[in-house]
Every structure is written in C-alpha cells, then in structure tokens.
Amino acid sequence: MTKKIYIFDTTLRDGEQTPKVSLNINDKITIAKQLQKLSVDVIEAGFPKASHGDFEAVKAIAESIQGPVIVGLARASKEDIDCAWEALKGSLKPRIHIFLATSDIHMEHKLKMKPEEVLKRAADMVRYAKGLCPSIEFSPEDATRTRPEFLYKVLEAVIEAGADVVNIPDTVGYTTPVEYGAFIRGIKENVKNIEDAIISVHCHNDLGLAVANSLAAIESGAEQVECAINGLGERAGNAALEEIVMAISTRADSFNCHTDIVTEEITKTSSIVSHVTGMQVQGNKAIVGANAFAHESGIHQHGVLNCRETYEIMTPESVGLKKNFIVLGKHSGRHAFVEHLHEMGYKDLSVEKTDEIFKKFKELADKKKHISDEDIESLVKNEIFHVPEVFKLKYYQVFTGNTVVSTSTVEIECNGKKLSEASCGDGPVDATFKAIEKATGIDVTLNDYFIKAVGSGKDAMGEVTVRIEKEGKIFSAKGISTDIVEASGIAFINAVNKLYYETYSKDLQKISAN
C-alpha cells in the first residue's frame with residue numbers, strides 16, 4: 001500500500017485573502033460542502049479572531065460539515081486560541097492551527113521578540129491549546145527564511161508540547177524545489193521527535209513554484225500538503241490543489257503515494273469556487289482551464305482521434321468533464337432536464353431550486369437553439385448562490401449610438417413598490433448602472449467589471465461579473481443573459497442584493513424604498 005498524502009484545503013482561509021475576494025457565510029458553507037464531496041482531509045475554515053463574520057463562518061462549518069477535519073487559524077495568544085476553540089468545539093474533528101514567525105527578519109521587525117522568547121511562546125501556546133483541542137497544528141511563519149538550527153529547536157519544542165502537525169510554510173514563495181526538498185529532509189534528520197508529528201507544507205506561488213515545491217516536499221517525506229482550489233491566495237496565490245492531486249495520481253509511478261480525493265469532483269469544485277469568488281480561471285490553466293483538454297493542432301487532433309494517450313496523459317472524465325449524450329432544447333421536459341443535472345453531478349438540489357433552474361432553462365431555450373452544459377452550469381450556479389431579492393430588475397431600456405449620449409431607463413421593484421429612473425452614461429452598461437444606483441438609492445464604487453462568453457456560436461450567453469465596494473467591503477456577483485446589457489444589469493442588481501443581504505440579513509425590514 002502506498003503512503004497517503006493528506007490534502008489540507010485552505011481555500012476558505014488563505015484563498016479568501018486573494019485581492020478583491022470576499023465571501024459571506026453562505027458562500028463559505030456552500031464551498032465547504034463541495035470540499036466535503038471532493039473528499040479533502042482537512043478544511044481550514046477561517047481565522048475566527050479576525051472578524052465576527054469569520055468566527056460565525058467557522059462555527060457554522062464546524063457544526064455542519066462531517067468527515068474532514070475542520071481547522072481554525074490562531075495567532076500564538078490565548079485570546080486567539082480561546083476564540084478559535086469556541087468556534088470549533090461543535091466539530092467532530094476540530095483542529096487549532098497556531099502560527100508564529102521564526103525568521104530573524106520577522107522576529108526583529110514584526111514581533112519585536114528575541115529568539116528565546118519566540119521559542120517559549122510557541123511551546124507555551126501549543127501546550128495551552130492542546131488542553132482545549134485534541135488536534136493542534138503549528139506553523140513557524142516564514143520557515144524557509146528561518147535559521148535551520150533555530151527552526152529545529154522550535155519544531156522539537158512544539159512537538160513535545162503536543163503539536164500533532166508541524167507545517168513548514170514558504171510564506172513568501174522564495175524557495176526552489178531542490179532547496180525545499182533538502183529543507184524537509186533536514187527537518188526529518190535533525191528534529192529528534194519528528195516521527196511524533198505529521199510534516200505539512202504550505203507553498204506560495206510568487207515565483208510560480210508552489211506546486212513544484214510541494215511535490216518536492218512530498219518526495220522528501222512530507223505527509224500533508226496545504227493548497228487551495230484554483231491556486232487562490234495572497235499575491236500570486238497558493239499551490240493549486242487540483243494540480244498537486246492530479247500530479248500524484250498521474251505520476252503514481254514516480255511519487256509512490258496517493259490521496260483520497262474524488263478526482264471526478266475537481267472540475268465542479270473549481271467552477272463553484274470561480275463563480276463564488278468572481279476569479280476567472282485562465283484558459284490555459286492546468287487541469288481545470290477551458291483549454292486543458294483542447295487540441296487545435298491538426299497533428300495533435302489526428303493523434304488523439306486514433307489513440308487518446310498520444311497527447312492526453314489523463315482523461316477529461318478523470319477530473320469530472322463528462323460528454324453530453326442528451327441534447328436539451330425548448331421541447332425538453334423536466335424529467336430529462338433533471339436526469340441531465342444528475343449526470344453533471346447536481347444530485348442534491350432541492351425541488352424548489354430545481355424548479356427555478358428548469359424555469360430559467362425554458363426561458364433560455366426560447367432565446368437559444370442550442371443549450372450547452374456551460375449554459376446549464378451557469379444557470380445552476382446563479383441559483384445556488386442566489387440571495388433574497390430585495391431589489392428586482394423588472395425592466396430596462398437603453399438608447400445608444402456612436403453619435404448620441406447613451407441613456408438607460410430602468411424599473412426596479414422593492415418591497416412591492418416600483419421605482420423608475422433614467423440616467424446617462426459612458427455607454428449603455430454605464431448608463432444602466434447609474435440608473436440602478438438612482439433607483440435603489442445606493443452609493444457604491446464599481447471595482448471590477450468583466451464578461452465572458454458561455455457556450456459558443458452567435459447565440460452564446462454572456463456572463464458578467466461585477467465587484468462593487470461600500471465602506472471598504474467588496475461584494476461580487478454575476479449575471480447571465482443572451483443580452484450583454486441585461487446580463488450587466490442583473491449582475492449589478494445581484495451585487496446590490498448581496499450587499500443588503502449581508503448588511504441587513506437579521507432584519508430585512510430595514511430596507512425601504514424611499
């Protein structure tokens with residue numbers, strides 16, 4: 001039997017630190033449920049002490065997700081550890097993840113502490129946390145720039161104090177595969193009680209080496225890999241879960257290890273995370289990019305048609321890309337549609353959500369002759385991540401051209417009242433956004449706007465993503481339609497609804513249509 005590598009997913013914690021990404025509690029629970037289906041071993045649900053929202057999200061995930069270990073991050077302080085335990089104690093498999101910097105530059109300039117103080121603090125806080133929680137992980141922040149002799153002392157001390165996992169982060173993405181592999185071997189050879197703990201690794205992608213470094217660490221004896229879906233994370237991101245897992249699976253002959261990941265759930269998981277975060281997956285991204293299994297070269301196409309193994313080292317089906325054997329259109333019935341949803345992996349949708357998605361499908365089928373899986377995927381995701389509609393876009397009309405100022409008139413429904421406004425703008429989309437702002441009485445900043453085609457051909461849908469900001473908080477949302485202006489208006493309204501939902505979710509009656 002080959003060695004098992006534990007997959008520690010940090011999409012909900014480190015992944016959420018991606019610039020311009022902000023997840024609400026429902027987003028996090030939805031992603032956590034999908035990670036459960038993916039069969040990750042560990043879910044780092046958040047940093048409970050960071051905010052009330054993070055605390056509530058970790059608590060909700062701890063109480064609702066079974067199977068994976070649920071982790072809460074904490075600084076090396078009793079206050080942080082107490083907060084993390086309060087959020088985690090409802091989990092069947094809780095773990096507190098304590099971090100404390102150990103590099104000279106961090107100790108001197110950030111912590112203002114001497115090495116002996118850091119050593120004592122690390123051991124004391126692990127010992128304290130172990131008195132609360134059955135599983136403790138410790139991370140010496142900036143480990144790869146820490147003096148090895150000091151790092152060995154810290155690791156030995158925290159393991160003796162009760163740490164079950166010691167995580168070795170390449171915090172600034174500075175190391176290389178050869179260096180990192182040697183670094184892990186040095187730990188195994190010089191920390192006398194290292195066999196009493198699992199060695200974990202956490203690599204950042206600043207030099208584009210996060211996955212390579214993680215794999216080098218596995219070859220050198222690491223047993224747990226911290227990673228994120230689509231490689232999300234601060235700066236250039238974290239090691240991509242899908243790439244690590246499929247490298248281990250595809251090159252089992254080289255790594256001589258395995259994971260328990262259900263690889264057929266990878267594509268769906270990537271798609272859900274992309275939708276929720278608003279972070280598009282680049283087309284040539286390994287494993288989950290739109291072109292990952294595309295062959296344009298005639299020579300490559302000929303080879304694949306004759307024998308897939310000529311140019312494909314893994315099958316699309318192995319990561320959840322399934323061929324569509326049912327053609328859906330405006331004459332398709334609910335039964336065939338539901339069967340197709342099941343084929344796509346959506347087997348646990350409620351009757352209400354299924355009915356709403358089918359309704360949207362029939363509306364789309366009246367506009368499009370050919371319905372693709374991408375179209376259906378967009379409809380499903382928009383319904384899954386739907387928040388209560390305080391504001392509804394009932395009607396819009398634009399007047400535009402290259403010699404006139406674009407004007408948009410919108411009608412918004414709020415609490416049964418109809419609000420109509422018109423506005424001018426720099427193009428029909430800008431005019432529509434301004435009209436919606438006037439009608440809803442909001443004042444937000446548009447941070448991002450981008451669009452992509454869903455499907456192909458002249459009747460392809462447009463999927464618009466917008467990010468708005470209010471009082472330092474960012475809200476992202478999507479809209480889909482065969483009409484770009486309509487898709488844009490829907491996305492903007494959805495973002496506004498998300499803003500109001502998160503602001504007034506405990507008392508939606510506060511919303512008025514003044």
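Any Cβ shown, glycine's included, is placed from N, Cα and C.
What Swiss-Prot annotates here:
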- 5-267: domain 'Pyruvate carboxyltransferase' (DOMAIN)
- Asp14, His202, His204, Asn238: Mn(2+) binding site (BINDING)
- 392-514: region 'Regulatory domain' (REGION)
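The binding-site residues listed here are Asp14, Asn238; among them, Asn238 has the most other Cβ atoms within 10 Å of its own Cβ. Note: the Mn(2+) site is recorded as Asp14, His202, His204, Asn238; in the same chain, Thr10, Pro169, Thr171, Cys203, Asn205, Ala210, Glu226, Cys227, Ala228, Gly233, Glu234, Gly237, Ala239 also have Cβ atoms within 8 Å of that site's Cβ centroid.
Spatially close to His202 (Mn(2+) binding site) yet at least six residues away along the chain are Thr10, Ser139, Asn167, Ile168, Pro169, Asp170, Thr171, Glu226, Asn238, Ala239, judged by Cβ distances under 8 angstroms.
Listed in sequence order, Pro169, Asp170, Thr171, Val172, Gly173, Ala210, Gly233, Glu234, Arg235, Ala236, Gly237, Asn238, Ala239 are the same-chain residues at least 6 apart in sequence whose CB falls under 8 Å from the CB of His204 (Mn(2+) binding site). The region 'Regulatory domain' (392-514): residue composition by secondary structure is 37 helix, 55 strand, 31 coil, according to DSSP.
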